[in-house]
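J.: Take a look at what Swiss-Prot says about it:
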type	residues	note
TRANSMEM	27-47	transmembrane segment
TRANSMEM	97-117	transmembrane segment
TRANSMEM	128-148	transmembrane segment
TRANSMEM	176-196	transmembrane segment
TRANSMEM	204-224	transmembrane segment
TRANSMEM	266-286	transmembrane segment
TRANSMEM	308-328	transmembrane segment
TRANSMEM	347-367	transmembrane segment
Amino acid sequence: MEYGLDLEYSFNEFFKGFGLSSEIAHIIWLPIPMLLVLVAAVVGVLVTVWLERKISAAAQQRIGPEYAGALGVLQPIADGLKLLVKEDIIPAKADGILFTAGPILVLVPVILSWLIVPFGQNLLISNVGIGIFLWIALSSIQPIGLLMSGYASNNKYSLLGGLRAAAQSISYEIPLALSVLAIVLMTNSLSTIDIVNQQSGAGILSWNIWRQPVGFIVFWICALAECERLPFDLPEAEEELVAGYQTEYAGMKFALFYLGSYINLILSALLVSILYLGGWGFPIPVELIAKFLHLPINAPVIQVFTASIGIVMTVLKAYLLVFIAILLRWTTPRVRIDQLLDLGWKFLLPISLANLLITAGLKLAFPQFFGG
């Protein structure tokens, strides 16, 4: 779908109506996209935490949060405020600088990765040509922060958790990147906008999940491992490592780990939606909607409606995957560290490599179905 609302253009036009120049309007606009990302990420975390509490309660035949607002919807806010006012303790023998920098280095790359997530044709912060490659590069920074946090804590459980996190991330980063390369090969572009547009030809049948079922499965497994979700939560296994690299953290620093974990889960689900499930695309062509309403295709009403539907479709697809991830947490046992590494190196890596080679062959043989 090639139509949509351009927020920056609309914002500039709005301020031009007050007599401001386009340069001043652009300067005013600069911090707004990042604020929108932060608000969207925090709201997404609050919704996900509430969903996880309710789903886990249902899995264990409990009621779950009930008293903090209707159906307990304010419970995540109460949890956040509790962590915010807790004392920030740095262990006496810890490396204070690295101890403080670790959580920041974990959270910042995840936040920056949202820059390339599109919710519509023009609804993204930065349409860089190397969008998906930028995400892979940013995601490779996070293990450094985890290892740094484990090392700086001067605690054996923290160090072991940090080492596990680094080993796990390295093991699953490669098959994840190879599965993404298969999509890039079909699309001939690293732009997330181009990847979604390439899936808009024949509705749901154009989604990459039908042409890349193996890549979809590999990507989702690797994404869960990158997010350290059960059954891949070895770096913070409570029964073995207390809380892993988070053991010595409290207050706001611990909240940064907590926030980063859930933002990363939502980001991974959004990227699966974009890469494999058509992103913001929906079955009814925008031309038919405009014709039904007797409006031109570029009418403001059509643009706002298209943008709204695109956001809803992207978020719904992502939260379907978040729901699956939460269910997996309460229905699957934790694997051993050797099993986790074997799965990454001995199974997912060769499978993703074979999938990439097969995709290249199919593209040469059937360019009309696998990209021209």
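Using N, Cα and C of the backbone, Cβ positions are placed for all residues, glycine too.
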J.: So, taking each listed stretch (97-117, 176-196, 204-224, 347-367) in turn and counting its Cβ pairs to the transmembrane segment (308-328) that are under 8 angstroms, which one gives the highest count?
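T.: Stretch with the highest Cβ contact count: 204-224.
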J.: For the transmembrane segment (176-196), find every same-chain residue at least 6 residues outside the stretch whose CB is under 8 Å from a CB in it, and list them.
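T.: Those are 116-118, 121, 124, 127-133, 136, 208, 211-212, 215-216, 218-219, 222-223, 226, 274-276, 278-281, 349, 352-353, 355-356, 359-360, 363, 370-372, in sequence order.
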J.: Give the nonlocal contacts of the transmembrane segment (128-148) in its own chain as ranges (CB under 8 Å, at least six residues past its ends).
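T.: Contacts of the transmembrane segment (128-148) (Cβ under 8 Å, skipping residues fewer than 6 from its ends): 98, 101-106, 109-110, 112-113, 115-116, 161-163, 165-166, 169-170, 173, 176-177, 180, 183-184, 189-193, 195, 226, 235, 245, 260, 264, 271, 275.
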J.: Are there three or more C-beta pairs under 8 angstroms joining the transmembrane segment (347-367) and the transmembrane segment (97-117), sequence spacing 6 or more?
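T.: Since fewer than 3 Cβ pairs under 8 Å link them, the transmembrane segment (97-117) and the transmembrane segment (347-367) do not come into contact.
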J.: Take the transmembrane segment (27-47) and find every residue of the same chain, 6 or more past its ends, with a Cβ under 8 Å from one of its Cβ atoms.
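T.: Cβ under 8 Å, 6 or more out: 8, 11-12, 15, 20, 76-77, 80, 111, 114-115, 125-126, 259, 262-263, 266, 319.
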J.: Go through the chain and flag residues at least 6 beyond the ends of the transmembrane segment (266-286) whose CB is under 8 A from any CB in it; none is fine as an answer.
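T.: Same-chain contacts beyond the flanks: 1, 3-4, 41, 44-45, 48, 110, 113-114, 117-121, 123, 132, 135, 180, 183, 192, 195-196, 199-200, 203-204, 206-209, 212, 215-216, 219-220, 223-224, 226-227, 297, 302, 306, 309-311, 313-314, 317-319, 321-322, 325.
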